[in-house]
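**Student:** TrEMBL lists these features:
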- A:1-8: topological domain 'Cytoplasmic' (TOPO_DOM)
- A:30-148: topological domain 'Extracellular' (TOPO_DOM)
- A:His124, A:Tyr128: heme binding site (BINDING)
- A:127-148: region 'Disordered' (REGION)
Amino acid sequence: MKAVRKQRLMLLVFIALGVASAVGLAMVALQENINLYFSPAQMQAGEAPVEKTIRGGGLVVPGSVERASDSLKVKFQITDGAGTITVHYEGILPDLFQEGQGVVGTGKLDKNNEFHASEILAKHDSNYMPPEVQDAIDKAHPTNNGEG
Amino acid sequence: MASPKWFYEFSGKCLPWVGGLALIGVLTGIIWGLLFTPPDYLQGNSYRIIFLHVPSASLALTVYVSLAISAGIGFIWKIKLADLAAKCLAPIGASFCALALVTGAIWGKPTWGTWWVWDARLTSMLILLFLYLGLIALREAITSQDTAARACAVLSMVGLVNIPIIKFSVDWWNTLHQGATIKVTKGASMAPEMLIPLLISIFAFYLFCLFVFLIRLRTEIVSREQRTSWVRGMLGVRS
């Protein structure tokens, strides 16, 4: 390779590496801010600010959903395997809200580590299959709710 | 081999085949996906936009990598054809990126419950769109073609850092966007009767992208080589 071409190649390599390391360091520093939501384990460990608007997310614990009979109030638990948090919400849940599936809520954490959501979004997993296949899986493994 | 004349003639022979296959593939993938695949166990019919969303998003990334490699080759070895390729790829990539963002928003409303959320995947994809628009604007803003080529090569190299961020954003951070369904190492977490039309659709979109790219590049070649004898001869201009 001619010297001048080598020089241009090195220039591009240095630009790419320089930008990559700068962005990489910035992202490591901002790690917490890039995460969309706090996990139940983080909220239990006290890493999430109390009484401030934050997002919290996890999988809805099967069997934990309690609906009020006279209002739209609903209470359920979310988990990430390492921790569990109770969520209170009043309003219409998204169509995809299901036990065992993921949710991301916007709201505030109170002093008792319970999450009061003002908005609930459904987070679906990356598995796609026809309903019959899911029925067959449910029959074979009644407790298996997918990995999320 | 990389002479514009040779490329023009060779691509002219490939063009009908690429276009024909792309048309057959897109029709097969989309019609199969929209009409003949079973609904999803959780999302019902709304998941069917995947047959448009995933190919567009995949191409938005692939086109950017191709653009950066072309621009880099053009920058280092001063190959005119490589720079022309980078120039032609920018609007194509921007279109696929915009399509991926729009179809994603349409998909997000019924499934997540929102059109848009500032999570890492969606935000980094929006940055990719701005990068594409920036590259197009930068090239048009500089009159000298050589200077424009160099500036665009440097910018495309800077933007390359965004590509792994988009790809791995769903693994590195908490996002609302779900993880990858098709993984090279683990296979796909999708039933085969849905996966096959999706793969056909992805393949056909790549062919369509190649088709559009060849048309643009051929136009660009003729435009830049208009004073050469082979273009004049082809167009029947007497000098």
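Every residue, even glycine, has its Cβ placed from backbone N, Cα and C.
Tell me what's around each of these sites.
**Tutor:** Summed and averaged per residue, pLDDT over the topological domain 'Extracellular' (A:30-148) gives 88.
For the recorded site, A:Tyr128 (heme binding site), the DSSP three-state label reads strand.
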**Student:** Could you list the residues of the same chain, at least six apart in sequence, whose Cβ is under 8 A from the Cβ of A:His124 (heme binding site)?
**Tutor:** A:Leu96, A:Gln101, A:Gly102
**Student:** When DSSP states are grouped into helix, strand and coil, how many residues of the topological domain 'Extracellular' (A:30-148) land in each?
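**Tutor:** Residue counts for the topological domain 'Extracellular' (A:30-148) by secondary structure: 19 helix, 44 strand, 56 coil.
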